[in-house]
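First the structure, in the form of structure tokens, and then the observations on it.
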Amino acid sequence: MAEKVPPGLNRKTSRSTLSLPPEPVDIIRSKTCSRRVKINVGGLNHEVLWRTLDRLPRTRLGKLRDCNTHESLLEVCDDYNLNENEYFFDRHPGAFTSILNFYRTGKLHMMEEMCALSFGQELDYWGIDEIYLESCCQARYHQKKEQMNEELRREAETMREREGEEFDNTCCPEKRKKLWDLLEKPNSSVAAKILAIVSILFIVLSTIALSLNTLPELQEMDEFGQPNDNPQLAHVEAVCIAWFTMEYLLRFLSSPNKWKFFKGPLNVIDLLAILPYYVTIFLTESNKSVLQFQNVRRVVQIFRIMRILRILKLARHSTGLQSLGFTLRRSYNELGLLILFLAMGIMIFSSLVFFAEKDEDATKFTSIPASFWWATITMTTVGYGDIYPKTLLGKIVGGLCCIAGVLVIALPIPIIVNNFSEFYKEQKRQEKAIKRREALERAKRNGSIVSMNLKDAFARSMELIDVAVEKTGESANTKGSTDDNHLSPSRWKWARKALSETSSNKSYENKYQEVSQKDSHEQLNNTSSSSPQHLSAQKLEMLYNEITKTQPHSHPNPDGQEQAERPSTYEEEIEMEEVVCPQEQLAVAQTEGVVDMKSTSSIDSFTSCATDFTETERSPLPPPSASHLQMKFPPDLAGLEEHQRARAPPFLALIRQKGPTVREATPEYAPIDITVNLDAAGGPQGGPHGPLPTDCASESPKSSLKGSNPLKSRSLKVNFKDSRGGAPPTPPSTARPLPVTAADFPLTAPQLISTILLEETPSQGDRPLLGAEVHCQGPSKGLTPRFPKQKLFTFSARERRSFTEIDTGEDDDFLELQGTRRPDKQADSSPNCLTDKPSDGRDPLREEACVGSSSAQDTSHNCRQGIYHGVAEVKKDNSQEGCKMENHLFAPEIHSNPGDTGYCPTRETSM
């Protein structure tokens, strides 16, 4: 949605495969251009203010504003569209309505139709704690959640028991597992279901045969006159016992845990169902004599009665019977209480009825134990009528016994019934859960669906997660109030967030540090440790270079070399430190920000947006002040005005320099070293010394990316040295000043100055945005300044060097810097020299222009030299020794000579 498609690629192509991710400056610009943001949740669009989302900074939406890279955005949202300022979340749209209202009103409610666990998952996703639910929704939410958590806990225990059936430590584990599933899990396969049906049929057949053997018509008399089983029914019973025996042995052999198998209640029932048959056979066959048979006969009858326990084998295949057994086991407290009540009632009422009826003739209440039977059937409201009281007192006792029996039995019975109902539902739910889990596992093996682990999905919902995590590591460097990350609405910060807080470049920091790195990869890795919105321009350029190296389309540079072939240059980033200065301050005009970019594929435009030097314009702080920047240049070259009007595009520069040491300065005009690098896409041009080579002494590594870029850029970087001598102030400029503030420059000598000039290229006919109005004036001895007196901006006395790279799309030549010498009558003037020095195997033109002053008492203006000449003609006017051009960064009007009081015509210069 938010991609930039390179040339030659289809715009409909997927961003993740062929196109570059959006640049961080594009993301920053998209967020700062509007006070509102569009949030698309499951196809439902919402529009909300950024400051509303800032109320909960530690939530997912609160972190959205701080994500200024493609990777960090995709960690927070699922997709985004920078053109529409829209962010997409593939979540439940209904639940998000309640969550968004929490940002707006501070009240969190759960909708009636929402599932409790589903709403809890949404709260976890958006980073909001469930404890902030209002009281009207908390009871319903927590009740449903606890119920579901209990069911999930039971299911987890069941699954743990099933997962504990390990066959790895035994022989033939695969075959034994298949046999175990066939006998113990009827729903595992069709064969297991058939086997379970056959087992049920044998149980029913065995029960029917046992019942028919008791019929006299089907019995046979033995030699002792005792009835025996029918031979045909005996064969049927033998077959059934053989099946039960085989089934029991196979279960025992395939069981993963033999001792656990023996302790199982269903397995004990199976053993009791087959054991009496074998005991009976053993006793009858070992005692053939009449005397021995008579002694064993009663024992055999007991075991024959135990065969009726075969009917309990149906519990293996019936959930209801299993529930009944588990209910009796779980309700032993209630059953014990019921028996205790009955026993106490029987004892009391049997004693009362005995003393009431003992005087009657032919009474059946002969003793208290004989009265137990009457009390039992009376309290259970059965009343057989075989024994009853006859006296009035006995009848009253019988009535009280009936009432007490109803009350005693009615109290614990509902508890037992409720336990049975709950356990039965739980058994059915577990069966369905097991089926669902097995179906998911099969689907996972087939690759048709993603397996979901319910225990992991709802593990976090069982705990109260507080998202109020305090920031670490920021309190040491932050003055003022820390960021309130608590979710309580009473602690929200309702103050409007300043635009400077969201800018990509913080220009009002109190401390700066110097970073020096030689490897771009190392610098790129270091950027990941800091917040994306604090990336410097050089780091953003490194990031962009790393991205472009991976692309199949490389942009050739003017000398036909690829980006990868360029040698790595020593890069150093110098940042400044704020120093307190008692000097007076100069009001600096508001600067204008870069409001539009024609192309973001250029490195220069990329860094110009990233550094964002218009912080003073948007900041709520008062505008800082700066002293005058004083520059000394020789007189202007002829034809400067015509050339500048023909070459209107402004400059873009990215400065990398080392800080020089400081030495004592004399009250003289200080020399300035300027190295000019011109790299153009057009044909070569010649200067006064003939055509210049296109190779540059210190070529920027980003220049290879500009070969086919329509965006034209020029860059100038100048370091200055000053003189300690006094000089009158330069009047403040009414033109657009450089985006430099007093906070960016130290006002004492040993501090390093690094000025970055970033500007967008306008159309060919537009005037340069960076420039100053330059005037010529006569001698100004005794001149009274028109503006209030202010102190000069002082620089270190040592010579400072820098590069100036001017890239255009019209020419490919190097332009030449020339300076003129002051008349020899000026004793304190410095020579203007021109030298050529090779660097890195190439021969760039390095020019050193030195400027002098007429006298120590003369006005020391901030002069500026013509940087380059026109394309068609190059004029030199060495006779203009009495007039000097000023690099008027902050003043539009300059007097030509110290003694003049008039003004020369306005001349516009560009850096």
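Every residue gets a Cβ built from N, Cα and C, even glycine.
What Swiss-Prot annotates here:
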type     : residues : note
TOPO_DOM : 1-190    : topological domain 'Cytoplasmic'
TRANSMEM : 191-212  : transmembrane segment
TOPO_DOM : 213-232  : topological domain 'Extracellular'
TRANSMEM : 233-254  : transmembrane segment
TOPO_DOM : 255-265  : topological domain 'Cytoplasmic'
TRANSMEM : 266-284  : transmembrane segment
TOPO_DOM : 285-296  : topological domain 'Extracellular'
CARBOHYD : Asn287   : N-linked glycosylation site
TRANSMEM : 297-317  : transmembrane segment
TOPO_DOM : 318-332  : topological domain 'Cytoplasmic'
TRANSMEM : 333-354  : transmembrane segment
TOPO_DOM : 355-368  : topological domain 'Extracellular'
MOTIF    : 381-386  : motif 'Selectivity filter'
TOPO_DOM : 389-395  : topological domain 'Extracellular'
TRANSMEM : 396-424  : transmembrane segment
TOPO_DOM : 425-911  : topological domain 'Cytoplasmic'
COMPBIAS : 508-522  : compositional bias 'Basic and acidic residues'
COMPBIAS : 523-534  : compositional bias 'Polar residues'
MOTIF    : 605-611  : motif 'FFAT'
COMPBIAS : 700-712  : compositional bias 'Polar residues'
COMPBIAS : 837-849  : compositional bias 'Basic and acidic residues'
COMPBIAS : 852-861  : compositional bias 'Polar residues'
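In the predicted model, residues of the topological domain 'Extracellular' (213-232) average a pLDDT of 79. Between the transmembrane segment (233-254) and the stretches 191-212, 266-284, 297-317, 396-424, the greatest number of Cβ pairs separated by less than 8 Å involves 191-212.
Remote same-chain partners of the topological domain 'Extracellular' (389-395), defined as residues 6 or more beyond its termini with a Cβ less than 8 Å from a stretch Cβ, comprise 353, 356-357, 360, 363, 365.
Each residue in the topological domain 'Extracellular' (355-368) gets a DSSP state, and the totals come to 4 helix, 0 strand, 10 coil. For the topological domain 'Cytoplasmic' (255-265), the DSSP counts in helix, strand and coil order read 7 helix, 0 strand, 4 coil.
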